[in-house]
Structures are given as C-alpha cells and as structure tokens.
Amino acid sequence: MARGPARTSLGPGSQQLPLLSLLLLLLLRDADGSHTAAARPPPPAAADGLAGDKNPQRSPGDVAAAQSPGAQDMVAVHMLRLYEKYSRRGARPGGGNTVRSFRARLEVVNQKAVYFFNLTSMQDSEMILTATFHFYSEPQWPPAREVPCKQRAKNASCRLLPPGPPARQHLLFRSLSQNTATQGLLRGAMALPPPPRGLWQAKDISLIVKAARRDGELLLSAQLDSGEKDTGVPRLGPHAPYILIYANDLAISEPNSVAVTLQRYDPFQAGDPEPGAAPNSSADPRVRRATQATGPLQNNELPGLDERPAQAPHAQHYHKHELWPNPLRALKPRPGRKDRRKKGQDVFMASSQVLDFDEKTMQKARKKQWDEPRVCSRRYLKVDFADIGWNEWIISPKSFDAYYCSGACEFPMPKMVRPSNHATIQSIVRAVGIVPGIPEPCCVPDKMSSLGVLFLDENRNVVLKVYPNMSVETCACR
C-alpha cells in the first residue's frame, strides 16, 4: 500500500524533469551551434541592393547558385542576378549601360595572399560610374591561451581561455604598370571592423579605379592584411574576391556597335569568297551591298505570288509593277464577290506571270495574302544567336524577339502607319506622277526597345551590356 502513494507523488516530478532537461539541451545546442556552425555565405552585397531582394519566387540566378556546377562561382551568379534584375525592370545598371566583372588571380608575396586584377579590357569609350570590390571576410581570432592545470584538485583538468577580440584587418590596394607580383603604387587603404561572422562585403573603390586608369595603370592588387602571415598555401576557392565596374559606354549608340562588341570574327574572312560571289571576283572582305541580290527581305516588301529568282545579273533590279500584280497591291478596294467570280480570274491571268497553278491553289494563295496585312506593319522575327555563331560567348539570352517592319506605304497612307510629313508629301508627289522615279516611302521601325546581353569578353570576363534599338515595338512610313 505504501508503493501507491509514492508512485503518485513522484509522477508530476518525473514528467517535468525530462521536459526541463530536454529544453536545456536544446538551448545549449543552439548556443554552441551559433559559434561552431559553418556560416553559409549570403548573396554578394552590391550597391544596387540585390542582397536585400526577398522575392519568394526563385530566379534562375538563385537556382544556378544552388544547383549548377558553377554554384561556387559568385562572379557568374552575381552577374546573372544583375542581368535578371535589369531585364525584368527595364532599368539601366547604375545609371549606365555596362557592367564589367573582373576575376582575381592569386599570387603569394612575402607569404601573404595578394589578389591581382587585370582591368585592361575596359574600352576607352566606357566612362566609369562606380566600382565595387567584393570579398569574403571572416573574423581573425587570436590563438587561445592554455591555463595551467590545478594539481590540488582531485580531478585536475586543463582548459583553454576564450580567445580575445578578433584582429582588425586592413584592405590595401596598389596599381601596377606591369603584370608582375611587385608592391606597386599604393592607391588606397581601408580599415575593416571585425565581422561578427563570415560574410560577403562590398567596398566602393571608384576613386581608386579612376585614378589608376587616369595614370594608365590598369593592373590592380588587393590584399587583406591582418598583421599575421598566412598559414599554409593560399588557394583561390569559392570565396575569391572580384571587382564590378559600372560604366556608361558612349559608343553603344553608334552604328554597328552590337557587332563591334559581340562579333569575334569576320564572317567573310580575307581571301574567302562571299556566298553568291562570282568565281573570278576579287576577295574584298567588305560587304558589297550594291551587288547583293535585291529581294523582298532587303527592300522591306512582302513577296508576291509571281516573284521568281533572277536568272541573270542584269535581272536583279525590278520595278514594283513588275513584281506585284494588280490584285495584290496594298490599299486597293476589294471587289465584290460577284465581280471577283466574273473578272477575278481574267484580271489575274492577264497581269500575272505564273500560269502553272490550278484555280484551287490560286484561291488559297489569294485568301492567304488577303488575310495578311499588306500595309506597313510589324512582322515577327526571332533571332537565335546560335544561328549567327555568337552562342559560344553569349550567356543570356539565347534568343530574342527582334521583329522587323515590312509592307507598303502607298498613297493614301492610313493613320495606323504614322507617316511623317515628309513621307506624306513624298507619297503625294509619287501618286501625281509629275516627277518620275520617286519611290514610295519606306516602312521602317518607329519605336524600339533595348536588350540586355550577358556575354564573355576576350579575357573570359563576364560582361553585361544593355544595347539600345534591338527590338521593334512599332513601325511607320518614313
């Protein structure tokens, strides 16, 4: 009978003690984990606030950082996030149009790790806006001190005193005139407060980079100096530093700028004949626009049913009335159904040069061309960089919707083609016919949008450029 009360009296205590012990163990484990667990590096900090982006949907840059083999390559991950940001928001990177990244080359100088950056790939037309140095910093704890063992105690044990405060680091920048591991000219020094844990940091080095470029010394070295010599052999790992330079390329709006920066070789090498050139023609690497066969894709006109390839060199030049039969001309009133039944075939047969198709085929062709607008308008065109041989160095996008403008600008021009005053007068003069040889206005792009391209330069550095006038938004007669 005595066992029953004892069991009931100990019951509540036996339930509370395990709970308290479990809670204490969890607290101790969390406290130890805050000091011993390996810190996971956050996304690289940048002046544009990418690290603070809390989009719940994972972007391709985040997926690449977590899954791809190059997940440790923070340069590629950071540049991909910049590309996604400016492609999505349509903004200009740092107020400019160019972001260049530069990887570090590790050298050991006086038993200390020194990181070298080759900035010579910057173009003269690129005006530097800002430059940031991205590096991974960890607290440098001094070695712990050992406490002498107490011999008087029954269970004598030795312990280590907790280490003192972490050492203060200095970030040193030097510029070099030659690509050698020398001291160089000191360009700047920054005192870094000890970080609470291992994390990525970014420092503004715009003045340093601008001064080095002004003096023609585009080889920079960076060193994290804590006063102690590095133990072991330094290696470039996943935490290698890098430099980002935001610039405004003044030549990006010049004609043919996209080919100047993205084309790695001439498609028509010197000595190689151009496609379609005569066997005994001279090997001039320049593209001869005047001698190229003129077709509907070159003169912004849609092909007609009776268009056939030229049979002789003198047959390359056509007049509009020779290529377009009367029923297919734009802005002509469509005849009634009864008139088409009676006169449609006779009129078409009298003006067309194609006589080898049956009536059913011709009706299908006529219906297809009536469905497609003949007036000046935007047409769909998708450009794949693999088709022009640029996919080897272009990272993203692989393709884009470029569109193009094509169609007729005949008098009277509707409002939808947004003709200029000059185009309106030109179409009237052409329609009157007093001045011979006046062509009709051309269907050209009116409004265009830019395109961000992420690619590798000749030094295998990742570059982001926002090219203007890459995709057609609207077309007009000019």
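Cβ coordinates are placed from backbone N, Cα and C, and glycine is handled just like the others.
Taken from Swiss-Prot as is:
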- 331-343: compositional bias 'Basic residues' (COMPBIAS)
- C376-C443: disulfide bond (DISULFID)
- C405-C475: disulfide bond (DISULFID)
- C409-C477: disulfide bond (DISULFID)
- N118: N-linked glycosylation site (CARBOHYD)
- N155: N-linked glycosylation site (CARBOHYD)
- N280: N-linked glycosylation site (CARBOHYD)
- N469: N-linked glycosylation site (CARBOHYD)
- 34-70: region 'Disordered' (REGION)
- 267-345: region 'Disordered' (REGION)
Using Cβ-Cβ distances, find the residues under 8 Å from C376 (disulfide bond) that belong to the same chain and are at least 6 apart in sequence, listing them in sequence order.
C405, S406, G407, A408, C409, V417, C443, C475, A476, C477
If you measure N118 (N-linked glycosylation site) to N469 (N-linked glycosylation site) at Cα, how many Å is it?
31
Name the residues of the same chain, 6+ apart in sequence, whose Cβ is under 8 Å from the Cβ of N469 (N-linked glycosylation site)?
P445, M448, S450
For the disulfide-bonded residues listed here, C405, C443, which shows the highest count of neighbouring CB atoms within 10 A?
C443
At a 10 Å cut-off from the C-beta of C409 (disulfide bond), count the other C-beta atoms across all protein chains.
27
